[in-house]
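Below: one structure, written as structure tokens.
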């Protein structure tokens, strides 16, 4: 039996109900490291209007603070005394179209979170506070994303905590995304909210339905749909996964009604909460995201057909590599490093799949599991994969219409990328006949994570040095020492995270709060009602 399958088949009572304190600490430390890089950028760099989204995004929050919901035709803030960075940045734009809030096609969640920064900036008479405050929201969301990806990996393979650590490290490793999350952009918040929705769905499928878990899933779905349009896709797919999996486990009429009811709750509540915004976009611009109107306004020229973009491996390969390779390092050996890690992971996935098929052909204990319904791992990977496919199809359409291929657009698929890379790398480790498998995975995950953290620190330093060499003025020079302290603490957090699994071993080597791997969702009461068989409040 292969190592990975041995772990998966190690007994029905060997599945932890929730992550151990050690794993939570490791994931939190890696999240703090990722956030520290974004926070450093957010509080030291000037409002970079060449990024162009920052001025309109800040102006969106300003409009909300004044009680107005802007459209893509609303001008950016032009009060030189209150908002000098935005006003001067807009004045440098040659085309009047770039002096409008074109980001008003996005739903308002991120910009509502920026309203306190607008109020505080006015109260302190410090316009920089608006810029720094909205950037800080984005930076903290990126740290939360790293933490959530680790938890999603835990739900997919709860017996393999090393994979959770490695998935979080992979998510934290692209310094390009850390810099992007330091801007006034809504991407990191949107992806974090979508990841929370996926996490809540997988916890329900693994541990059973409770009121608290359904509340978390519904609230997370509402946040995801209120942050960015891809969140709507997340809500639909998670709702469908929940309903279909529950129906597969209980195919009676009662099971059908229960699955349909829970799916309706998970999808209808977000729809009622934010659906009005997308209807407004359709009325104003002709489609839910106003993409056609924006492409036409900014004279985007079609570069290729959708099919040509979808089938252009060189384009996708370059876009993928640029997640880890900043502009200053393009054309260097870092491309080979990323490609090598990815190829090894893909080989590991193939080896793991072959080993799994071989083990299933030798015994029927796993076949019995399959007859009870799809595993949480299969459902989780299917949801992440289907979501990523839809995002890629939409990005190909956007690119073919003349849109720019920004690296931050791929942040949406990072949960899938991180988990797949982690599974592949650990499959290679499992094939090495040395020591006890779980300890072997922990050591390997710690070493690989250390390499990824070192790579992130190096590429981030290069990017920041280049920013200063170009003469970029600082946003808040008076707090630069604090920014250095935050960055230093983040690096210490990363180093602690990779060392912790090596020095802190669980007592007895057994997971906390074991639960059965395959959960029966409901069990009839004697009185005719129903109760949950496993799992307490979330």
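Just so it is clear, glycine is given a Cβ too, placed from its N, Cα and C backbone atoms.
TrEMBL lists transmembrane segment for one of the ranges 289-312, 409-432, namely 409-432. Taking TrEMBL as the reference, the stretch among 103-125, 333-355 described by the feature transmembrane segment is residues 333-355. The stretch from 21-42, 189-209, 333-355, 376-397, 444-463 with the most CB pairs below 8 A to the transmembrane segment (136-156) is 21-42.
Remark: the transmembrane segment (333-355) contacts the transmembrane segment (409-432), by the rule of 3 or more CB pairs under 8 A. Using the rule of three or more Cβ pairs under 8 Å, pairs at least 6 apart in sequence, the transmembrane segment (189-209) is in contact with the transmembrane segment (409-432).
Counted over residue pairs 6 or more apart, the CB atoms of the transmembrane segment (444-463) and the transmembrane segment (376-397) come under 8 Å in fewer than three pairs, which marks the two as apart.
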